[in-house]
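Input: a single structure, listed below in structure tokens.
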Amino acid sequence: MSQTKRAWKLQEFVAHGNNVNCVALSKKSGRVIVTGGEDRKVNLWIVGKPNCLMSLCGHTTPVESVRFGHEEEMVVAGSMSGALKVWDLEQAKIMRTLTGHTSSIKSLDFHPYGDYCTSGSLDCNVKLWDIRKKGCIYTYRGHKNGVNCVRFSPDGKWIASAGEDGIVKIWDITAGKILTDLTYHTGPVNIVEFHPNELLLASGSSDRTVKFWDLENFNMVSTTDGDSTPVRNILFHPEGTCLFSGTKDLLKVYSWEPSKCYDSIPVNWGEVADIAIGHNQLIGTSFSQTNVSTFVVDLKRVQPFGGIPHQEGGSNLSSSRNKFITERPPTQSSRQASVPKEDVEEPTQDKEDQDNDSFEIANPEDYREIFRPKSRLSHSPTRPVEPFQPPPDDGDMEPVRQPAPTRSNRTTKSSNKPPAKPVAKPSPRAPEEDKSGISPEDFLPKGGGNEGYTGVGKMPSEAEAFTTLSSGHEAMAKVLAHRSKNLQIVRAMWTSGNTKTAVDSAISMKDPSVIVDLLNVLNLKSGLWSLDLCSCLLPQVQDLMDSKYDSYVTAACEALKIILRNFGPVIKSNLTAPPSQGVDISREERYRKCRQCYENLSIIRSKVAQRGGAPGKVGQLLREIQILMASMD
């Protein structure tokens with residue numbers, strides 16, 4: 001067994017019958033996963049086991065966000081329609097269906113005392129819910145774009161919200177108002193986390209940095225150096241000694257006073273969705289299409305807990321910062337005093353049909369072991385929990401793809417042993433069969449008109465293989481060189497300060513890839529958009545909506561979201577305003593641009609309606625745009 005491996009892939013399994021939209025790990029044990037998908041189901045899994053533990057049904061639109069309760073006794077799930085469902089895992093029943101958001105829910109969190117939860121949505125609002133009374137207590141408004149993350153403070157008195165507008169807001173629950181805006185990020189903020197003890201907050205952003213904030217004076221304590229990719233997930237160590245930061249295929253460990261990188265660990269998890277800590281191991285999870293993957297990092301081999309120090313490693317200095325008071329209030333009235341009694345909103349009529357709510361326990365034995373109905377003290381398995389073991393060799397182990405949850409295997413007791421592989425008969429050309437059971441020759445050309453490879457039924461030589469692999473390389477190199485040259489021209493005009501000229505130059509090149517690169521920049525800097533740019537770029541966005549490349553359609557959809565949110569009301573009001581008296585050249589020019597934008601948006605709307613059923617991230621973006629375009633009616 002490997003004694004040096006620090007991170008490895010534990011498993012990969014099919015989690016839903018359609019694309020997975022969200023994944024969350026239980027923070028208490030790190031051994032239970034909840035997933036939400038396009039199939040409108042919420043499924044629960046045990047880390048390391050292939051079979052579904054239970055399936056929660058009832059949502060009428062795709063599930064976009066999920067979160068465990070602090071004691072793993074509850075799960076809350078938010079859907080694309082803006083509805084929340086809270087499930088009691090001990091009683092095996094749904095507790096509440098809460099409605100009030102007008103768009104997709106992106107983040108959820110439970111109050112430390114369990115009676116409340118909070119949600120952040122694409123409708124730019126943060127809501128505080130009373131689970132017992134089945135209603136919204138307060139709506140916090142202030143973000144100019146969607147809310148990506150919400151978190152309660154350890155004492156339950158504050159809510160931190162991270163916005164697509166690049167701002168972190170701290171809300172005072174008792175006063176029902178904003179305490180401060182934290183504004184030093186230069187891109188969308190994807191995640192926020194409170195320190196478990198100290199008055200300290202960390203935020204991770206698409207600007208590729210993690211920033212630390214002192215919550216006594218609301219000043220920035222420090223910031224990390226920029227990573228190569230956006231920061232998707234962060235987590236403080238339970239003892240508060242360091243912070244873990246997850247980016248694409250990388251885990252970093254930071255201190256904040258001073259800002260130092262203790263360690264950097266490559267992990268092939270792609271875009272990490274959630275991380276948790278248990279038994280001296282960090283568990284990470286990610287998803288792609290219908291599959292969910294889990295990864296393990298051995299913290300005993302990671303600085304500052306062990307292993308070889310990172311070159312930037314620094315000592316963790318003790319802090320004199322004040323602590324959160326995290327003792328639970330002794331009375332019901334004390335807990336109620338932490339929420340605003342005024343401004344209580346009337347519960348809205350449930351839009352989701354509760355008759356469809358169901359709770360299917362697929363594995364009763366594991367369910368009884370983890371969620372013991374008669375005890376709320378501990379939900380950890382009763383049998384000894386051992387750390388996950390690394391693969392038996394030092395090389396990259398090919399993970400076993402687990403079967404999808406079906407009626408035949410849902411009730412079968414899961415086994416830790418991988419399923420047996422089919423035995424293939426030896427081939428005369430492949431005396432040693434590959435472990436996967438797939439022969440490389442199946443992917444080689446079989447001769448007869450293949451340039452660079454003339455043999456039939458024989459392996460190509462090294463020269464022939466190189467010729468085959470390098471064919472088309474020269475043409476691709478020319479395309480990329482031409483694209484680079486065009487981007488340099490656009491960049492030169494951009495840096496001169498004339499954004500409109502740079503955009504016009506990019507459009508005149510008639511190169512969709514250059515337009516996509518330009519849109520990606522503008523999407524990160526939404527403040528650069530103007531009505532003039534909208535009228536210029538909407539025809540290009542219209543063309544990109546027909547592209548066969550998902551990355552092109554995604555860039556176009558993100559631009560459309562900004563245009564509809566920031567300029568939709570302007571376009572509509574200018575078209576419906578009564579004509580002015582006399583000659584107003586500026587108003588007429590504005591009317592002309594708004595008319596042009598409206599016509600382009602009308603064409604795009606029909607294209608969005610045609611592709612609204614597309615799966616995955618593109619389908620999600622298209623459905624969000626459909627909701628935003630409804631405001632143009």
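Using N, Cα and C of the backbone, Cβ positions are placed for all residues, glycine too.
If you look up TrEMBL, you'll see 313-337 marked as compositional bias 'Polar residues'.
The annotation compositional bias 'Acidic residues' is assigned in TrEMBL to 343-358.
Residues annotated as compositional bias 'Low complexity' in TrEMBL: 413-427.
Summarising the annotation, TrEMBL assigns compositional bias 'Gly residues' to 446-455.
The domain 'Katanin p80 subunit C-terminal' annotation in TrEMBL covers 472-629.
Annotation comment: TrEMBL describes 306-458 as region 'Disordered'.
Across the repeat 'WD' (13-45), mean pLDDT in this model comes to 91. TrEMBL lists 13-45 (among others) with the feature repeat 'WD'.
The repeat 'WD' annotation in TrEMBL covers 56-97 (among others).
Marked as repeat 'WD' by TrEMBL: 98-139 (among others).
In terms of DSSP secondary structure, the repeat 'WD' (140-181) contains 0 helix, 24 strand, 18 coil. The repeat 'WD' feature in TrEMBL is assigned to 140-181 (among others).
Here the repeat 'WD' (182-223) has Cβ contacts under 8 Å with residues 145, 148-154, 158, 160-170, 229-236, 238-240, 243, 245, 247, 254, 256-259, 319, 321-324, 326, 524 of the same chain, all six or more residues outside its ends. Taken from TrEMBL, the feature repeat 'WD' covers 182-223 (among others).
Counting residues per DSSP class in helix, strand and coil order gives 0 helix, 24 strand, 18 coil for the repeat 'WD' (56-97).
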